[in-house]
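A quick write-up on the structure given underneath.
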Amino acid sequence: MEVAIVAAQRTAIGSFGGGLAKIPAPELGATVIKALLEKTGVKPEDVSEVILGQVLTAGSGQNPARQALIKAGLPVTTPATTLNVVCGSGLRAVHLAAQAILAGDADIVIAGGQESMSLSPHILPGSRDGFRMGNAQLVDTMVNDGLTDAYNAYHMGITAENVAAKYGIGREEQDAFSLQSQQRAAAAQKAGKFRDEIVPVLVPQRKGDPLAFDADEFIKHDASADGLAKLRPAFKKDGTVTAGNASGINDGAAAVLLMSTQKADQLGLKPLAIIKGYALTGCEPEIMGIGPVSATRKALSKAGWTVEDLDLVEANEAFAAQALGVAKELGWGSDKVNVNGGAIALGHPIGASGCRVLVTLLHEMQRRGAKKGLATLCIGGGMGVALAVERP
């Protein structure tokens, strides 16, 4: 038995405090779930389960994936799982969906991720017991739970500085990489390349009809080498990582619909791709950005492929430094990696990004007739995740 992905959709990505800032993550997830069902004609009651990544769940209520399922109109008898594997959540969800199908535990699974970084709350630790005297400090759950290394108590940006130091990757190289990402994303957006993968989100307005949010708003169409060079280091006084060569803080959702190839034939659905290998691996938390190296090698080994066999790659750009470090280790060229720009330009809604890179990969593979593709991400805390797919 093999597992097929028969549909792949995402929302447009919102900037921090931007167009999607008031839309809770489960609503973003529900929008994508509904789109997958409409696209395929699969009946809501035929979905075996839903698995969605979400990292920032504080204040989101019980089991946000289940909320998305209910909001999307699936039966209450359908189970859902919310997954937190930090930046890898949305792709690990696809792994688990494939495993459920291969094990015979599920027929049809929707998997992906959702995130509203804009709505992540601040918390007041210790407040349950009260404060008898002195000041108390609020903790930003977005920074604490999403962007801070739990083992070294420093920001993900420091791990990027560590990778830059390890591989000798300078500021100019990082900025040049980032400019290319922005230019590619801007060109892709102007050419309408993201149109098929994006499902509009209806954003309520104070007056009048809702507005359809249907275009990635984080892309910097006016990005320039001079502009990037003027930015100060964000994490170390003498560092090389800046706001311009790092990914953003964003909102969005993405999901795919999976089933066995036999089930796809039975329903008359043509697979976008067949899953050929996948992996979740670990590395040193201090250099978490190189996680895709071991994950890619393991996934490719399971598929029986080499890096040279790949026609197209979507590798999440958490930071230019880590993306360049991964490229140096794996030896892949920029001609087949993130051809429409990456997270530095598009943004990085952490719980959704794992599936976002897969959705973008699958649509570009269709467009150019690519046969073999790979989606991969680094994961805060020191892990990597990868998925190898092949068009039938």
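A Cβ is built for glycine as well, from the same backbone N, Cα and C atoms used for every other residue.
Pulled from Swiss-Prot:
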- C87: active site, acyl-thioester intermediate (ACT_SITE)
- H348: active site, proton acceptor (ACT_SITE)
- C378: active site, proton acceptor (ACT_SITE)
Round to a whole number and give the Cα-to-Cα distance in Å for the pair the residue listed as 'active site, acyl-thioester intermediate' and H348 (active site, proton acceptor). 8
Integer Å value for the Cα distance linking H348 (active site, proton acceptor) with C378 (active site, proton acceptor) is 12
On the three-state reduction of DSSP, what should I expect for H348 (active site, proton acceptor)? coil
